[in-house]
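Chemist: Take a look at this one; I'll ask things after.
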Amino acid sequence: MSISSDEVNFLVYRYLQESGFSHSAFTFGIESHISQSNINGALVPPAALISIIQKGLQYVEAEVSINEDGTLFDGRPIESLSLIDAVMPDVVQTRQQAYRDKLAQQQAAAAAAAAAAASQQGSAKNGENTANGEENGAHTIANNHTDMMEVDGDVEIPPNKAVVLRGHESEVFICAWNPVSDLLASGSGDSTARIWNLSENSTSGSTQLVLRHCIREGGQDVPSNKDVTSLDWNSEGTLLATGSYDGFARIWTKDGNLASTLGQHKGPIFALKWNKKGNFILSAGVDKTTIIWDAHTGEAKQQFPFHSAPALDVDWQSNNTFASCSTDMCIHVCKLGQDRPIKTFQGHTNEVNAIKWDPTGNLLASCSDDMTLKIWSMKQDNCVHDLQAHNKEIYTIKWSPTGPGTNNPNANLMLASASFDSTVRLWDVDRGICIHTLTKHQEPVYSVAFSPDGRYLASGSFDKCVHIWNTQ
């Protein structure tokens, strides 16, 4: 058996990533020098740490359940162990002794019952005790029967209504639809992005372009072996921007050709967005900075070094003004050409995970590990609304494509928030109230998306389920 600290650290690092603890994963990765190990993450399957822990737990359960001669106690294993029980020093001996005592009592009781039955055999009718035993047994089963709770079941999607896109060799972190054509982009831990053609005249799931993220080493291109965790299409659907943990942003054509490599960040890129005009790309990185890039030349137009900790998310207000948030609990609004923020919002008491401008660009929503959702206006310093209803961290938010400034101006504007408390909440921002709480998920919710008309909301969770909700 061979176990190295690098291998253990890598599995812990991957577990943190897969569980949504991206900030903790980054910090742990830096302190444990994950990037300097020679482990190819693309070859390590998802949930590897959980899998090996489960196997270890099964081994301990086998130890508890097996006699010294290799046979099972009473021909069957005893009750399952919890993970904490399994790591307690005396758990095997304690459980084995308890089971031996129980088994001895059962054997003694069985022997006494057999002796009593033998002494009464002459005076009792043949089969009478057996008949009573059967009757009592049936009665016990009937009393122990429990009706199933009435719960809405999962809707099974017919195979002809689903397309499974296979090709990635590691976790898929993000996907985005092309705004013009039936193309879907995806980013993965296998250091690739892929563009899938889902038009009706394409072969189901077979048409894909692989965008390999490489770095220069020794005068040649080699795979970066870093996660692709952010991507965004320009408004015309002709170019795709990707951000990677290798510290580079890249621009690709929709045909899969690399157009530009943007390299000024000093570490992983957490977010990037095209502006509406399509001439600038905005990126946020662990190096505490945000950068506006010229999409045509691939050059950095301006770097904004205003955060005191990693920048986690960005969103354009206009074609040259944007907001950024950070683990430093601050939100900055910056403008191209200005050497300091034009507005700074403070009020969160923990990391700010995501920010989104409403369709008109007047209100900015932010969500945080402090379990609050806040609404800000450029007209004032304090938040317009401090929305407190979630009881765990809020991971992401999304405005509905409704109300003024959208294609659905007559429908009410809503804001959706997804939380580690397993719920999604819908908010009426004008009134500052929660109008719906969606509670079907069993694990943290990591993503939400509205349909183009705003009537439906999709949510995705760590419980392996996607739910479609009617927002009306």
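Using the three backbone atoms N, Cα and C, a Cβ is placed for every residue, glycine included.
Below are the features I grabbed from TrEMBL:
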- 120-139: region 'Disordered' (REGION)
- 120-135: compositional bias 'Low complexity' (COMPBIAS)
- 165-206: repeat 'WD' (REPEAT)
- 228-252: repeat 'WD' (REPEAT)
- 262-303: repeat 'WD' (REPEAT)
- 345-386: repeat 'WD' (REPEAT)
- 387-437: repeat 'WD' (REPEAT)
- 438-472: repeat 'WD' (REPEAT)
Chemist: Could you check whether the repeat 'WD' (262-303) and the repeat 'WD' (228-252) come into contact, where contact means at least 3 Cβ pairs under 8 Å with the two residues of each pair 6 or more apart in sequence?
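Modeler: Yes, the stretches contact each other.
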Chemist: Do you know the DSSP helix, strand and coil residue counts for the repeat 'WD' (438-472)?
Modeler: 0 helix, 18 strand, 17 coil
Chemist: Sort the residues of the repeat 'WD' (165-206) into helix, strand and coil with DSSP and give the three counts.
Modeler: 0 helix, 18 strand, 24 coil
Chemist: When secondary structure is assigned with DSSP, how many helix, strand and coil residues does the repeat 'WD' (345-386) contain?
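Modeler: Counting residues by DSSP class gives 0 helix, 22 strand, 20 coil.
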Chemist: By DSSP, how many residues in the repeat 'WD' (262-303) are helix, how many strand, and how many coil?
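Modeler: DSSP classes over the repeat 'WD' (262-303) add up to 0 helix, 22 strand, 20 coil.
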Chemist: Kindly report the helix/strand/coil residue split of the repeat 'WD' (228-252) according to DSSP, in that order.
Modeler: 0 helix, 16 strand, 9 coil
